[in-house]
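The site 'Transition state stabilizer' annotation in Swiss-Prot covers Arg15, Lys22. According to Swiss-Prot, the site 'Positions MEP for the nucleophilic attack' annotation covers Arg155, Lys211.
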Amino acid sequence: MNVSAVIVAAGRSTRMNKSLNKVYLSIAGKPVLYYSIKAFDEIEWIKEIIVVTSPEETEYCQENVLEKFYWNKPFKIVKGGEERQYSVYNGISVVDKDCEIVAIHDGARPLVTKEIIMEAIKAAYLYKAAAVGVPVKDTIKVADEDNFILDTPDRRYLWAIQTPQVFEKELIVKAHRKALEEGFLGTDDSVLVERMGFKVKLVEGDYKNIKITTPEDLVVAELFLRK
């Protein structure tokens, strides 16, 4: 297998009330981004890791994450765009020419495991597109603009989508280019593939695979890491 991992670390931390990007905040003595990369770095199938950063944080990432710790894989560091979707496109645009599969992961999800990543990669080889997620536990309501309930979808068919999301390289590149040409902005990568008429296979993940968004998430993540 020849897999490239794209780790997206170019987001803004507006809900953290901190000047430092959340992926560089510390959990158990190491940056959030360290843990997000580490699980991919330990997988034999993955041949390279591409880290997408904010333009103003490229040097900081290089010095405080990529050069500070020992890694097995070669790295590329790429500057991100104004939106996550553009950052992902910048990352997938520089994958190795021999790459068959691209695994895209949020740098703010430090609790992802090797096992989940590998299951998603295997699913992508079989189905061309796979996304990690978990069945929702709560009842979900669809509301109108005035916060009145319009509908209650059947919970049996609802999943909360996480990352990684893994795709055949040619498919995800085409999907991103199509979205760019048409001015479509999605909330994740799988929706871009869905727009092309492809089915995306769901791979059950872990409820612990949270995205660090608030200060409380840092506390929760550290508790899980120390277990």
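The backbone N, Cα and C atoms fix where each Cβ goes, and this holds for glycine too.
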Nonlocal residues around Arg155 (site 'Positions MEP for the nucleophilic attack'), in sequence order (Cβ under 8 Å, 6 or more apart):
Pro135, Val136, Asp138, Thr139, Ile140
Which state, by DSSP, holds Arg155 (site 'Positions MEP for the nucleophilic attack'): helix, strand or coil?
helix
Would you pick out, from the recorded sites Lys22, Lys211, the residue whose Cβ has the largest number of other Cβ atoms within 10 Å?
Lys22
Roughly how many Å lie between the Cα atoms of Lys211 (site 'Positions MEP for the nucleophilic attack') and Lys22 (site 'Transition state stabilizer'), rounded to a whole value?
10
Tell me, by DSSP, whether Lys22 (site 'Transition state stabilizer') is helix, strand or coil?
helix
